[in-house]
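What Swiss-Prot lists as Fe cation binding site is 192, 295.
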């Protein structure tokens with residue numbers, strides 16, 4: 001067996017749309033201290049497992065029912081397709097494994113297989129273009145913790161957030177360009193939200209985020225861990241590549257929880273505002289998601305469209321994520337080849 005391999009890690013999905021399966025998934029997901037990080041224990045566990053998850057599970061199960069396919073979860077299906085296509089592109093000398101941060105296949109079980117297969121060098125590619133403690137960071141921490149437990153000798157290299165990588169932007173443009181070419185009035189870039197507090201928590205200097213005027217547009221080393229600055233950078237790069245007019249596109253944030261301020265403006269509010277302002281034809285793009293999932297297929301394509309149309313909009317199009325399209329497979333393959341070449345030196 002080859003001694004070098006690739007590990008793709010995505011978010012995950014419930015095993016089914018049943019309330020017990022969804023509850024089990026949410027218990028693991030929302031129980032992650034990097035997703036919901038307060039209050040202090042034991043109160044956080046009580047809040048998550050006795051209040052939030054029981055209340056959310058039935059509604060979340062219904063939402064999953066709206067997007068579930070005969071083959072199961074769209075995110076899992078697409079992630080497997082990415083794994084298979086990347087493996088076919090790289091060839092048998094570089095196996096590609098797939099794990100989910102929450103649910104199955106778990107990071108622990110997949111790393112067990114990697115160790116059993118005799119892999120000594122591993123390239124970890126979190127399926128997140130941007131840094132956030134609740135997405136990219138939790139994947140990396142979990143993989144390194146599990147690797148240290150199962151295989152201390154395993155050498156793990158991690159692909160850093162690629163939010164402004166020219167090849168990533170080109171892949172986004174290749175998939176989005178046919179939609180940009182269609183008649184439309186406005187493009188809304190909708191990114192997954194995070195608590196504002198998480199931005200400040202990620203600022204190791206404690207002197208920039210929410211302190212410096214226009215902090216996300218003021219160059220700083222702390223942008224290496226600033227989710228908001230990174231999504232702005234993605235938006236600027238893709239808008240420039242596509243030639244989008246500055247007054248015909250903007251950024252919003254979706255998927256917020258209640259209880260504290262999250263990044264704004266909120267996507268549902270923006271869809272309503274834009275429709276009431278006379279925007280009739282809107283394109284919605286979700287670059288933080290590499291694979292279409294609950295947040296794009298239900299929250300945007302179903303609920304978002306309903307919000308926009310009810311407020312007076314007429315044409316609503318959610319531009320698909322990169323999914324398993326050739327430009328994204330090529331992007332991943334190039335990242336792997338760069339690593340393979342570097343590890344030969």
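Backbone N, Cα and C atoms are what each Cβ position is placed from, and that goes for glycine too.
Residue 295 (Fe cation binding site) falls within a helical segment according to DSSP. If you take the C-beta of residue 192 (Fe cation binding site) and look for same-chain residues 6 or more apart in sequence within under 8 angstroms, you find 132, 135, 253, 254, 255, 286, 288, 289, 295.
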